[in-house]
Amino acid sequence: MRQQSKIAVEVRDVVIGGEKPLVCLPLVAKNSDDLLGEAELLKPLHPDLLEWRVDGFAGVGNIDACLDVQARLRRVIGDIPLIYTCRIDCEGGMAKLDQDKRRDLIEAAISAGTVDLVDIELCNDRDFIASVRSKAREFGVKLILSYHNFDETPGENFIVEKLEAQCRSGADIAKLAVMPKSYSDVLTLLNATNRARNTTVDVPIITMSMGFMGQITRLAGGLFGSDVTFAIGKDASAPGQIAIERLRDAMDIFYKQV
Ligand SMILES: O=C1C[C@@](O)(C(=O)O)C[C@@H](O)[C@@H]1O
């Protein structure tokens, strides 16, 4: 059986860090009609979690427009836990916002009370992280601190230290996505995840090696300590994601017994 997270995170009736890794589907539509349509389409696929990639939404610069769609989105998805992500452009985000605006948007989303988790990058400055963290705590929203590298896979120590730093900065969940150039890089990511899970990182972990080479980490990363895998519902939000139906079939091989 896989090594569970020492501290599990519960959102609605979903446990992150429990017996089985969970499947999250990203919502990446550009306009509100398409976004709500995408959510309708994904709901019957029964994802454990949904992620709204707000940085892919054309109205991302308009807080009121975003809040309006967010409220409608919650009505469509019912009780499915929702991650709110406005990814910073230097780590793969699709919009360039200034930091004050991005923080205001994220905090407004948290205060609206209709998102369950928020994902921000560890590369944001301390004040940005402290401000979002305190807003998240106030509204009972779980904080994911993340790191993305679309160019390469850093060494094992770097990865473990990044996950540890996320914990020290108050992450309820530590997350890291990196790009492999070889299958050794894929093993580095899995080794680092396994080490973090079994030593210093007590909170749930989400890691993935991106691209084609990294697909094994999306299927079997849970065995090494990754608690959530991102799949394709309608459209991908990162290279290497696999359609949810195929992913679930494959995951049954690894996790059915539990
Ligand atoms: O950070 C992540 C992980 C991800 O980049 C992936 O590789 O599956 C997909 C993103 O939507 C999410 O925010």
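Yeah, the Cβs are placed from backbone N, Cα and C, and that goes for glycine too.
Of the residues proposed, R12, R126, R218, the one TrEMBL records at the same 3-dehydroquinate site as E51, W52, R53, R87, S237, Q241 is R218.
For the pair formed by H148 (active site, proton donor/acceptor) and S237 (3-dehydroquinate binding site), distance between Cα atoms is given as 13 Å, rounded to the nearest Å. Taking a Cβ distance under 6 Å to any atom of ligand 1 as the criterion, the binding-site residues W52, R218, S237 reduce to S237. Contacts of W52 (3-dehydroquinate binding site) defined by a Cβ separation under 8 A and a same-chain sequence distance of 6+ are given as P26, L27, L35, Q70, L73, L82, I83, Y84, T85, V115, in order along the sequence. Site extent for 3-dehydroquinate: the farthest pair of Cα atoms among E51, W52, R53, R87, R218, S237, Q241 sits 20 Å apart.
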